[in-house]
Amino acid sequence: MSALRCRRNKRRGAISYDSSDQTALYIRMLDVRVRSRAGFEPERRGSHPYLCVDFRILHSKPDPTASTSSRRVRRLLSFQRYLSSSRLFRGVPPRNPLHILDDDYTGQAKCMLEKIGSWNFNIFLFDRLTNGNSLVTLTFHLFNHYGLIELFRLDMVKLRRFLVMIQEDYHSRNPYHNAVHAADVTQAMYCYLQEPKLSKSLTSCDILLGLLAAATHDLDHPGVNEPFLIKTNHYLAALYKNTSVLENHHWRSAVGLLRESGLFSHLPAEDGLNMERQLGSLILATDISRQNEYLSKFREHLDNEDLCLANACHRHFVLQMALKCADICNPCRPWELSKQWSEKVTEEFFHQVFKGDIEKRYKLEVSPLCDSQANTIGNIQIGFMTYVVEPLFAEWARFSDTRLSRTMLGHLGLNKASWSGMLQELAGGADDGAQEGAEVPAEDGNSKALPQGSKES
């Protein structure tokens, strides 16, 4: 346990880095301070977008007398808990490593995992049944399902610790970009990996990278978009030169956790570096600003009928497209699930502390979709479905013309119609209200209509 504490002391505040590579900064917003020039008080991680890092932390020595944060205590207790659990089952044959999962895994959650390949999988219910551990439980289950633990000789305790760290490094305060979203994307990725074309062609390494990328694709997301980071001169924008800022940060954060956990430390160094590079390539593909670039390339391959899944590069490209689909598949889910995700992402867009009000207060141009006075959930969703989701999933259906693809497009059409209907109802109600307001009955010639909300003196 003392060795574990020594290893953990390398995590200093807001930055995690590989001490053997001083040029590689894996910045993780754990304990950050707000820009003083913006006039805000210092707050904890995830509480405000105006974040900066004290880079002196990089070379400071650990303070053994410093108090341990509650996050570290929880992580350490979780690790001890699962370590103890693994000791109890050392005699269990390696073909059944699921015993390391604790009581959260039993009962209804376990029953749900039996239908993990269903497109109707309710990740919100699953998260409740696992006491908020949906990402850890689901990803560990999939690693076991594919036999990745044995194939890559992964240490189950290291794997569990790695997954716990991933889940903790998603900001629970984010309405949308949190660990539940990551679990949902991972479940969707599994559905795509099960499609006939992919299941017959993908290697175990492809599957491992696909699941890791899905689980970490939004790691340590601050709850704001790239334009906001650039406009506010955020340190991440400067670090990544205003290019795929968030995606680069998610990737580097994931690499930091991989190295900290030592999950691949038993592999040859070159193999480990190659997996990190491929993981980055997958996560960087989720940059929505490059949507047309990837979509045009995908469409060109399909038009030329030259996608060959025996080719490693082509398989990797298909994995990129699968992850892109999984990342924005919410409009293709059943209405009951899709509507919840729409409300959550719009809440994050409209979050006054994070975006619109701050941008207005400091006279910045308000980011598209983030002005609650100019947008509604309905019109945001219809625009997103029309210009982003439909073109992508139409091409995916060309590539994989299966029941799942048809189901997704069917839900997409129904959900779009539902939002359109709700907008029409709102518009109709507004028109009726305006007409009623215009009809002011006059009891006598001297009577006056009072403005709505005013009171008589």
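Start at 1 and count along the chain as shown; that gives each residue its number.
Heads up, the Cβ atoms here are built off N, Cα and C, so glycines get one too.
In TrEMBL, annotation is done automatically, which means it is predicted and not curated.
What TrEMBL says about this one:
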{"type": "DOMAIN", "residues": "101-426", "note": "domain 'PDEase'"}
{"type": "BINDING", "residues": "His177, Asn178, Ala179, Val180, His181, Asp218, Asp327, Gln381", "note": "AMP binding site"}
{"type": "ACT_SITE", "residues": "His177", "note": "active site, proton donor"}
{"type": "BINDING", "residues": "His181, His217, Asp218, Asp327", "note": "Zn(2+) 1 binding site"}
{"type": "BINDING", "residues": "Asp218", "note": "Zn(2+) 2 binding site"}
{"type": "REGION", "residues": "426-457", "note": "region 'Disordered'"}
Measuring Cα to Cα, how far is His217 (Zn(2+) 1 binding site) from His177 (AMP binding site) in Å?
10
Inside 8 A of the center formed by the CB atoms of His181, His217, Asp218, Asp327, which other residues of the chain have their CB, for the recorded Zn(2+) 1 site?
His177, Ala182, Val185, Ala214, His221, Thr286
Where the record names His177, Asn178, Ala179, Val180, His181, Asp218, Asp327, Gln381 as binding AMP, the maximum Cα to Cα distance in Å:
22
What are the sequence-distant neighbours of Gln381 (AMP binding site), meaning same chain, six or more residues apart, C-beta distance under 8 angstroms?
Pro331, Ser342, Thr346, Asn415, Lys416, Trp419
